[in-house]
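Q: As annotated by Swiss-Prot, Mg(2+) 1 binding site applies to Glu412, Glu419, with the evidence given as sequence analysis. Annotated Mg(2+) 2 binding site per Swiss-Prot: Glu419, in sequence order.
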Amino acid sequence: MNILELSEQEIIRRNSLNELRAMGIEPYPAAEYVTNAFSTDIKAEFKDDETPRQVSVAGRMMSRRIMGKASFIELQDSKGRIQVYITRDDICPGEDKEMYNTVFKRLLDLGDFIGIEGFVFRTQMGEISIHAQKLTVLAKSIKPLPIVKYKDGVTYDSFEDPELRYRQRYVDLAVNEGVKDIFIKRSKVYSSMREYFNSKGYMEVETPILQAIAGGAAARPFMTHHNALDIPLYMRIASELYLKRLIVGGFEGVYEIGKNFRNEGMDRTHNPEFTCMEIYVAYKDYNWMMEFTEKMIEKICLDVNGTTEVKVGDNIINFKAPYKRVTMLGAIKEHTGYDLTGMNEEQIREVCKKLNMEIDDTMGKGKLIDEIFGEFCEGTYIQPTFITDYPIEMSPLTKKHRDNPELTERFELMVNGKELCNAYSELNDPIDQLERFEDQMKLSEKGDDEAMIIDKDFVRALEYGMPPTSGMGIGMDRLTMLMTGQSTIQEVLFFPQMRPEKVVPKDSASKFMELGITEEWVPVIQKAGYNQVADMKEVNPQKFHQDICGINKKYKLELTNPSVNDVAEWIQKIK
């Protein structure tokens with residue numbers, strides 16, 4: 001690596017790395033380091049009147065206070081932080097004091113991983129700590145972490161830029177308290193849900209992510225190509241159609257928690273790669289599924305938070321079952337004053353115009369209704385609410401309503417103004433299903449790029465017979481947002497999709513060399529901030545000379561310095 005690409009701290013740390021090796025200390029040892037305790041457990045289990053407990057711990061050194069022959073550090077392991085008391089003569093009992101005087105005091109840096117063996121005690125200030133008897137270097141950090149300080153519940157020098165936090169999640173997890181807890185809770189959400197399903201006897205399965213037809217949802221897919229078969233394939237947008245095939249095959253209840261991919265926009269609640277759970281249970285309907293869903297979410301909330309109430313932004317959301325039920329057309333009538341019951345597409349278009357909505361000719365009846373609900377109703381449902389009985393045009397995979405053939409037996413659960421889950425009494429009439437697919441193809445021909453493609457193999461599966469079935473899909477990322485009180489999806493994804501990092505534009509070396517600059521000086525000039533020839537045009541030759549000669553000296557490059565006149569001639573040649 002070019003030394004000019006490193007900061008002063010990075011150079012110092014690399015020099016320390018080399019010094020450790022010269023002393024015979026491997027900064028990245030291969031052997032297992034055996035630990036027997038975590039910081040939080042040590043504190044929780046400590047008793048003043050017991051024989052001091054011997055422990056072996058490992059983690060990052062996050063702070064250090066050196067006071068001559070004795071020092072305090074703060075060690076951070078996977079569960080928390082604990083203070084360690086280190087004295088020269090305890091970790092260096094013999095004549096050789098290098099481990100303390102040289103390694104600990106000078107060559108180790110904040111962020112380094114170390115192992116500590118010692119006993120637990122309480123300091124005079126009352127803090128439970130470890131008295132170190134042995135220190136082991138486990139991994140050297142050659143890039144300094146941001147130093148975030150905490151005192152009396154106040155955070156100082158915080159690492160809080162969202163762009164940096166999401167792009168460098170490893171740093172975010174290491175230095176920001178509370179971030180790791182979000183992902184621990186996410187894991188508990190998954191465990192609780194699986195426990196609920198497994199207790200009912202339903203089986204977890206896996207279905208293809210690469211699919212020949214992107215079916216099961218109305219969304220734009222990512223497309224790829226299989227070279228050996230020479231066919232296009234799609235990253236799945238939903239697992240629905242494959243899971244229903246398993247119900248056809250004889251399983252009574254199946255579920256899958258897996259990744260879906262939709263080639264659409266990114267915002268506070270959408271990521272192109274997201275996790276979804278879908279479950280299908282034979283011989284059930286959407287009424288049963290509503291009760292099943294609210295009990296599931298209540299259980300998850302209790303398991304994760306110990307209560308059914310969660311604060312999300314300014315709202316306190318109560319996940320205690322049962323949840324309110326409102327029909328979709330009833331919701332639209334309540335919030336707009338228009339009753340869409342029995343209206344055709346043109347009549348609904350007129351309603352949209354009266355509501356001053358932006359619509360276009362590609363939108364069919366179902367899309368128009370969906371737009372009305374999204375604009376005027378969805379955001380009003382803060383407490384968990386089932387929106388039921390969707391118009392048939394919006395639900396190509398859903399069974400017709402038993403009492404009204406213009407509607408379907410479908411519900412969506414709205415929480416905090418957003419859809420959380422979607423469920424049906426599944427359409428199992430193969431003739432009706434094929435007709436619905438054909439209607440979707442007509443929408444596609446009109447320009448609706450989210451219309452579903454006909455999956456003939458799925459229709460064939462239905463022709464063999466699928467029992468009455470109810471299915472439900474839930475966005476695991478949004479569920480985690482709610483259970484952890486987060487307002488953006490990026491906060492609950494370890495590595496959310498990010499736009500490419502901005503790269504500072506730089507001219508090639510040849511452009512600088514056209515001015516008479518030797519190639520070896522180009523990196524120095526760019527290190528000084530003159531990344532393009534044009535950046536030098538208005539600069540004072542004296543200042544420019546000081547800048548580049550200063551870098552030559554600071555980094556000990558031992559280049560022959562140009563004169564001020566040489567620099568002035570370079571600048572004069574810039575057109």
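Including glycine, each Cβ sits where the backbone N, Cα and C put it.
Could you give the neighbours, burial and distances for every feature on this list?
A: Residue density at Glu412 (Mg(2+) 1 binding site): 20 other Cβ atoms are found within 10 A of its Cβ, drawing on all protein chains shown.
For the recorded site, Glu419 (Mg(2+) 1 binding site), the DSSP three-state label reads strand. Of all Cβ atoms in the protein chains displayed, 17 besides its own lie within 10 Å of the Cβ of Glu419 (Mg(2+) 1 binding site).
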